[in-house]
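Shown next, in structure tokens, is the structure this report addresses.
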Amino acid sequence: MKSLRSCSIMNVFQDAVCTLNTLQTNASALEQVKRERGHPQLQLQAMRGFLQRAGLKVEELDRLNIIHVTGTKGKGSTCAFTEQILRNYGFRTGFYSSPHLVQVRERIRINGQPIGKELFTKYFCQVYRRLEDTKEAHGGSMPAYFRFLTILAFNVFLQEKVDLAVIEVGIGGAYDCTNIIRRPWVCGISSLGIDHTSILGDTIEKIAWQKGGIFKLGVPAFTVKQPVGPMKVLQERAEEIGCSLSVCPDLEEYESEGSLSLGLAGHHQRRNASLALQLSHTWLQRHFLTGVSVLKPIYDIFTGLAETEWPGRNQTLKHGPVTYFLDGAHTTRSMLACVRWFNEVTPQHERNAGGSMVRVLLFNATGERDCAAMLKLLVPCHFDFAVFCPNITEAIATCNADQQNFNVSVENMLTRCLDNQQSWRVLNGQEEKPEAELLIGGGLPLVAERHSDTLVFPCILSALQWISQGRDSILSNPNKCIIPLKPSINAKAAPLREAVSIHVLITGSLHLVGGALKHLDPALNS
């Protein structure tokens, strides 16, 4: 591994990211996680130890005036709304979220913008050096990827002197590494659902117990409306820990001049916006020590809701005749919301097209998600093509280090794509065909197919290029590698070449959406 002791120039940024990637979960780290899972308090104890080795004390985090947010769906959007509202008041904001879409710097934001490459490199080297210098005295241990980034974010926010930090939980809450926070100013819980069951539990009540673990003695907490079971658990957790827990009202109950406008599309964002209003207003009350009614927030609060941007969630990009609808839904509940949004926004686009239209699904999912259940929800959208690919941005060695994942083999990723393709065929009542050959030995396969309307591509770029058929000028950039395909595969794309418009829904994984945005929105690469 290249030494980072002379990190001072911009071109070291990619070296820093590559070094960061070495902290992604490997076999030894997985064993550590398994040991800690049986004794979850060890996770927080280990995190405190890493923080101290990095030169920070847990007590110092109190200075960040933290808003701590967890949930299964919508926690990132809630944080984005909250950060924008408070930034509109003139506060210097810090915002830590995960995962990133295109560049790892996106996880650590100041005043709404990812920290620059130079700043990232500077603080990365400071923190990494301190941890590396002390690892021999601690059995050679280094924090895993997410733990390191959490420590890095705290370090950045403290040194850059933000007025507040909005901190999104990674997984769960009680034993998430962000939960070393002792005294947040306010806590929030977005919609709960089933996800990460091997870590959090296999019922929504068990998951609610984990999420309620971010509550702190005497710190006000808010939640959106939850089903009866998990709501009861959250109330019990709040009573046990010693904090107030309030349920957010519907957005329609707030008094405003005219209708409330949200910067994020989708009906489900109204719940997230209401939670953000409660969190930001509670923070402001503590800061200003005022008694302004929560149902009558002042102008800047509502302006913040309207100005919020959060890429990859209910996002629409129009590139000439090709319109992309991107949403990182990765649970059945979030996929229901995605389908609802897609069905709400596409009719107007189709009317405006004034001619033939082709619908394409680009899908992938990771981890232990129930892919078949999510795909079943997408069937009524009546896609003309269903395209599957792994979360690999490009099938070439120069793939962006920010989006590399060493935890899953390429073969496993492609096998999952083929399984998803088969699930789609079964859900659509199509006859099964023999398994497509998976070519791994000599490199990535160009394409594996089972039916004329479903295809599997080896990477995101090859899938997007086939879908757009040269009709998206961004993807037709001569600097982008064009992967040659069999004539039979190109022949199947005739409807895509002839249609007046192409509508592409990209969903199933935020990593997939991020990989697509890397190619579709060049500004995110700068």
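A Cβ is built for glycine as well, from the same backbone N, Cα and C atoms used for every other residue.
TrEMBL annotations: computationally assigned, not manually curated.
Here TrEMBL flags SER98, GLU168, HIS196 as Mg(2+) binding site. Sequence-distant neighbours of HIS196 (Mg(2+) binding site) (same chain, six or more apart, CB under 8 Å from its CB) are ILE171, GLY172, GLY367, GLU368, listed in sequence order.
Other Cβ atoms within 10 Å of the Cβ of ARG313 (ATP binding site) number 27 in total over all chains. What TrEMBL lists as ATP binding site is ARG313, ASP327.
Here the C-alpha separation of SER98 (Mg(2+) binding site) and ARG313 (ATP binding site) works out to 13 Å. Taking only the Cα positions, the spacing between ARG313 (ATP binding site) and GLU168 (Mg(2+) binding site) is 16 angstrom. Other residues of the same chain near the Mg(2+) site, with their Cβ within 8 Å of the Cβ centroid of SER98, GLU168, HIS196, are LYS75, GLY76, SER97, PRO99, VAL169, GLY170, ILE171, ASP176.
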